[in-house]
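Heads up, the thing below is written out as structure tokens.
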Amino acid sequence: MASDSIMANRNGQESVSLNGEPVVKRPRDSVEPDLSLRALKEPQNKVTVVLGAQWGDEGKGKVVDLLAMDADIVCRCQGGNNAGHTVVVDSVEYDFHLLPSGVLNKKATSFIGNGVVIHLPGLFEEAEKNLNKGKGLQGWEERLKISDRAHIVFNFHQAVDGIQEQQRQQQEGKNLGTTKKGIGPAYSSKAARNGLRVCDLVSDFKVFEDKFRMLAEHFLTMYPNLNVDVDGELKQLKEFAERLRPLVTDGVYFMHKALTGPSKKILVEGANAALLDIDFGTYPFVTSSNCTVGGVCTGLGVPPSYVGRVYGVVKAYTTRVGVGAFPTEQDSVRNRGAVTMWLVGPDLGSIRPHGQRIALTKLDILDTLPEIKVGVAYKVDGEPLPSFPANMDVLTRVSVDYQTLPGWRCSTESARSFEELPSQAQNYIRFIEDFLQVPVKWVGVGKSRESMIKLF
């Protein structure tokens with residue numbers, strides 16, 4: 001019968017469905033197409049993005065604080081409480097690890113996106129510590145939103161992080177230098193599809209409890225010496241669920257409304273930095289998330305066409321915390337800037353695809369130096385490398401070509417314009433612009449937002 005019906009239709013007779021009933025056809029000219037839907041529309045609102053362009057600790061907090069002053073929404077898109085931003089306001093130093101730095105703006109909404117992994121004890125402890133420092137964080141719960149799709153870092157994730165580092169040290173003689181905050185194991189749970197999200201915690205707690213016990217058992221099977229207080233952590237999580245519930249929102253819908261609704265200034269602050277990106281960084285000595293510009297899209301649900309200005313934050317020198325190749329480490333700068341090396345151009349190649357403007361911070365750290373070297377090329381066995389090497393065994397073998405510039409040997413901390421900087425400092429900034437072919441938007445000469453000099 002079915003084949004007869006189909007053949008009849010092909011021969012121009014009345015169309016029938018497989019059950020023998022006539023098919024009602026809608027006339028093609030009954031609906032006028034809305035041609036305006038086919039026209040390319042410029043996004044109503046675009047997000048401004050601040051990203052670290054080195055190994056972290058570039059001073060992103062100051063840049064975010066500067067831009068957040070008149071932002072409507074400030075977002076975190078990836079990472080966890082392994083990242084830290086320091087912001088100085090009215091001589092009070094606030095430290096943020098999970099909360100967006102923009103939470104200090106009482107007129108803005110702060111948003112923690114789905115790409116962030118959240119350790120709830122750490123979140124509430126961070127808020128409490130900053131509340132005790134000053135008035136900046138008062139009312140933070142009223143202006144914070146958290147995506148229901150964000151994954152949760154549990155205490156046993158943190159314990160596993162420590163065990164894994166210990167095993168690496170014993171087996172290979174070197175670890176990754178993680179912060180042991182459980183970030184890597186939490187992202188592993190996410191990728192293995194047995195992780196738990198905020199939406200699970202604030203829904204049926206009995207269902208959440210069953211899944212939590214199963215996940216804890218999974219890690220106990222892998223690490224028999226793991227110390228897990230399942231009942232104690234469940235009791236704590238049940239209490240956190242009540243505090244968390246008013247903050248939780250559908251993050252995809254939240255961002256959609258923000259992007260397509262009335263005019264808004266939306267700021268995204270990246271955590272970690274380009275050379276710690278799990279795809280583009282010095283793997284395996286990296287973090288577990290995408291901290292380059294792609295993480296903005298996946299970590300918030302932002303279409304690429306809605307990404308506007310991207311600022312790459314660069315220290316005037318380079319530091320690295322943790323383990324990994326560090327070809328140009330210099331003892332001479334270490335007295336002012338921790339584990340330090342000269343600024344190296346090849347390392348900043350990430351600026352070109354991921355940053356349209358540079359915020360150059362901590363220029364004042366170089367105030368005492370008689371000369372400043374800039375690494376302009378990497379070589380292996382005498383042959384120049386065209387780009388930053390992916391293989392860390394290669395990076396450990398590189399030699400560096402330097403260009404030496406004169407230092408300024410005077411304080412820059414009181415400068416509030418480009419013209420007030422010493423001529424040698426101005427030349428250093430111009431050299432960086434010319435080498436990277438990316439303009440410097442701000443120069444930082446101190447800790448507070450007031451020390452950020454705007455160049456254009």
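Along the chain as shown, residues are numbered 1 onward.
Cβ coordinates come from backbone N, Cα and C, glycine included.
Curation does not apply to TrEMBL; its annotations are automatic.
Taken from TrEMBL, the feature region 'Disordered' covers 1-30.
Look at TrEMBL and you will find 1-18 tagged as compositional bias 'Polar residues'.
The GTP binding site feature in TrEMBL is assigned to 56-62, 84-86, 362-364, 444-446.
All protein chains shown were included, and the count of other CB atoms within 10 Å of the CB of D57 (active site, proton acceptor) stands at 23. Under the heading active site, proton acceptor, TrEMBL lists D57.
Summarising the annotation, TrEMBL assigns Mg(2+) binding site to D57, G84.
Residues or ranges marked as IMP binding site in TrEMBL: D57, E58, G59, K60, N82, A83, G84, H85, T179, R193, N272, T287.
According to TrEMBL, the active site, proton donor annotation covers H85. Within the same chain, the residues at least 6 positions away from H85 (GTP binding site) whose Cβ sits under 8 Å from its Cβ are K60, G61, V64, D95, F96, H97, S101, E269, A271, listed in sequence order.
The active site annotation in TrEMBL covers K190. Its Cβ placed at the centre, K190 (active site) has 19 other Cβ atoms within 10 Å.
Note on proximity: of the recorded positions N82, G84, K190, K362, the one nearest D57 (active site, proton acceptor) is G84, by Cα distance. Distances between the Cα of G59 (IMP binding site) and those of the recorded positions K190, K362, D364, V445 are shortest for K362. The IMP site in the record is lined by D57, E58, G59, K60, N82, A83, G84, H85, T179, R193, N272, T287, and its two most distant CA atoms lie 34 Å apart. Taking CA atoms as the reference points, N272 (IMP binding site) and D364 (GTP binding site) are 22 Å apart. Most buried of the binding-site residues T179, N272, judged by other Cβ atoms within 10 Å, is N272. In this structure, of the binding-site residues K60, K62, K362, the smallest number of CB atoms within 10 A of the CB marks K362.
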